[in-house]
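Taking it in order: structure first as structure tokens, then the write-up.
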Amino acid sequence: MDTSIIRFENVSQIYDGAGPVLNDVSFELEKGKFYTLLGPSGCGKTTILRLIAGFITPTKGDVYIEGKKVNNIPANERQVNTVFQDYALFPHLNVFENVAFGLRIKKLKKAEVERRVKEALEFVNLKGYENREISEMSGGQRQRVAIARAIVNDPEVILLDEPLSALDLKLRTEMQYELRELQQRLGKTFIFVTHDQEEALAMSDEIFVMKAGEIQQSGTPMDIYDEPINRFVADFIGESNIVAGEMIEDYRVRFANKEFECVDQGLNPNEQVEIVIRPEDLEITSVSQGKMAVTVDTQLFRGVHFEISTIDEVGNEWLVHSTKKAEVGSLIGLDFDPEAIHVMRLNESEEAFDARLESYGAEADEK
Amino acid sequence: MKSKGARSFYLIPYYIWIALFVIAPIALVVYYSFFDLQGNLTLENYQNFFSSVYLRLTLSSFWYAFLVTFFSILIAYPTAYWLTKTKHKQLWLLLIIIPSWINLLLKTYAFIGIFGLYGPANKFLAAIGIGEQQILFTDFSFIFVSVYIFIPFMILPIFNSLDKLNPALMDASRDLGASSWMTFRKVIFPLTINGVKSGVQAVFIPALSLFVITRLIAGNKVITLGTAIEQQFLVTQNWGMGSTIAVFLILFMIIIMMLTGQREKGGSANGKTK
Ligand SMILES: Nc1ncnc2c1ncn2[C@@H]1O[C@H](COP(=O)(O)OP(=O)(O)O)[C@@H](O)[C@H]1O
Ligand SMILES: [Mg+2]
């Protein structure tokens with residue numbers, strides 16, 4: 001059985017006059033998964049959703065849904081429903097009629113419409129709100145109506161454009177759980193757009209990190225967090241320490257004026273690289289036991305951990321997340337595993353990056 | 001306290017205006033409607049209004065006003081829709097509004113020239129082989145010119161309501177499977193109905209009492225309530241009957257205002273609740 005549901009082939013989108021909003025984007029999505037498009041505002045996330053929904057046609061390239069090219073199929077004939085950024089609920093219709101809109105268009109029987117709308121509203125915990133006006137619903141409730149209006153049509157794909165960005169933090173976290181659970185219960189493909197990396201990491205099966213109309217990296221949240229392809233991704237996904245370094249030979253890397261053992265290989269000798277170490281992978285220890293000696297600059301208590309900013313002898317800043325307290329101004333040692341060092345080549349393409357990671361895996365299996 | 005006093009002070013010119021130019025004339029009209037030609041107090045005028053002559057006149061007046069309004073909507077709605085989609089919409093809108101600043105009489109006279117036997121309209125008809133036609137003094141020319149005069153007042157409120165419409169709602173409708181026509185019927189039109197109602201108020205009510213166009217363009221073949229009032233006052237000198245017709249005209253206006261009144265049904269963009 002073919003598991004592919006959506007495919008972009010070299011899609012570019014250019015609005016009149018300006019430069020490309022999407023630049024030669026290709027990807028493939030599988031059925032039944034929770035995908036997230038993550039990237040800063042203006043990078044083209046909404047544009048991708050609009051291409052899938054059919055509100056715009058690609059300037060270049062092709063969009064496929066279930067193996068069928070859909071460039072010229074209008075939005076109303078696509079098996080895709082959208083939860084819009086501002087919900088776009090119809091203000092002249094009540095909750096019931098908003099949810100029933102798609103079913104009425106399909107001219108379903110009255111009893112059938114009633115049954116399915118009730119079911120969808122129950123699904124999003126809005127039982128009993130049928131006769132409310134949209135203006136009488138709170139932000140969180142409107143968002144649920146918007147979701148019900150999409151799922152009631154039983155589409156193969158549901159597109160969600162920053163649906164949680166208007167909600168307050170507590171409600172947002174709650175809705176993250178609910179959305180994820182909803183997707184698993186329905187078993188449909190969700191394509192979720194956000195500029196919030198924590199949200200993306202928490203909810204997705206797979207994340208696409210975007211920048212300026214291009215997909216920088218795709219992979220599971222763990223993959224992307226642990227093995228960012230470049231400085232942008234490393235920076236965008238969580239906090240990280242990024243410093244310049246040099247690959248001496250396989251498994252040996254030099255940064256902060258010292259040589260370290262690492263797990264990366266297959267790079268050119270003496271190649272200039274960037275080194276990423278996550279703050280939680282750095283451990284505070286005594287100067288003698290540490291691999292690196294640093295001076296504590298500032299310290300913030302963050303609840304679960306201390307956020308300690310330190311500076312090494314060549315002036316690199318190292319952010320440390322630690323449950324242990326440090327003395328501001330004191331000299332301390334930092335310890336870390338060879339696996340904690342992540343080496344990034346400059347300007348590496350995603351294919352080359354994946355191939356390189358792949359080879360590490362093969363290497364490890366051989367050992 | 002002080003500010004309240006000051007506010008009512010500033011309201012004095014407004015009250016004077018209302019008293020002098022709204023209440024007094026209506027009171028006078030109502031007063032005169034109870035007198036016959038000889039100056040006797042009577043209800044005869046009201047009796048006369050319900051005679052077949054005046055009923056037919058009222059009916060015909062409504063019919064023409066309806067036609068004018070109908071064709072205005074038919075032209076104004078697509079125009080307004082197209083306007084919201086164009087790049088320089090404010091400029092286009094201005095071009096459509098400008099003619100409404102020109103004196104009605106002037107525009108009407110222009111049409112006498114255009115539609116006259118030797119005017120450009122007939123020259124055109126002759127050129128394409130249809131031959132010269134009597135255009136002036138027909139129902140067609142009356143409706144045409146009236147629609148031309150009123151159309152900016154129909155376009156403006158419809159344009160405003162269309163322009164305020166959230167475009168995501170149309171996307172949402174398409175997304176849920178609605179064709180363009182369904183989207184228009186189920187989303188766009190219901191959400192801009194208030195604009196249409198304002199337009200109807202601005203067109204239908206004045207169209208009931210047109211009299212310059214009826215005389216100059218329709219050659220008095222079309223008689224509206226407006227023409228009738230003018231005739232009673234200026235030709236027949238029957239102020240009583242003229243006033244009675246005016247009283248009914250005012251009543252009709254009030255009824256139309258009520259029928260096209262704007263009911264807020266959570267439909268406003270600002271999400272006001274009842
Ligand atoms: N209809 C349009 N015409 C011109 N430019 C547009 C249009 N829609 C979006 N853009 C531009 O495309 C870029 C990407 O937009 P969008 O996909 O909405 O970004 P995101 O959703 O990631 O914030 C932005 O710079 C935006 O200004
Ligand atoms: Mg967006």
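We number each residue from 1, going along the chain as drawn.
Just so you know, glycine gets a Cβ as well, placed from its N, Cα and C.
Features of the protein shown, as given by TrEMBL:
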DOMAIN    B:58-260  domain 'ABC transmembrane type-1'
TRANSMEM  B:12-34  transmembrane segment
TRANSMEM  B:62-84  transmembrane segment
TRANSMEM  B:91-115  transmembrane segment
TRANSMEM  B:135-159  transmembrane segment
TRANSMEM  B:199-218  transmembrane segment
TRANSMEM  B:238-259  transmembrane segment
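No contact links the transmembrane segment (B:135-159) to the transmembrane segment (B:238-259), because fewer than 3 Cβ pairs that are 6 or more residues apart lie under 8 A. The stretches the transmembrane segment (B:238-259) and the transmembrane segment (B:91-115) are not in mutual contact, being linked by fewer than three Cβ pairs under 8 Å (pairs 6 or more apart in sequence). It is B:199-218 that, among the stretches B:12-34, B:91-115, B:199-218, forms the most Cβ pairs under 8 Å with the transmembrane segment (B:62-84).
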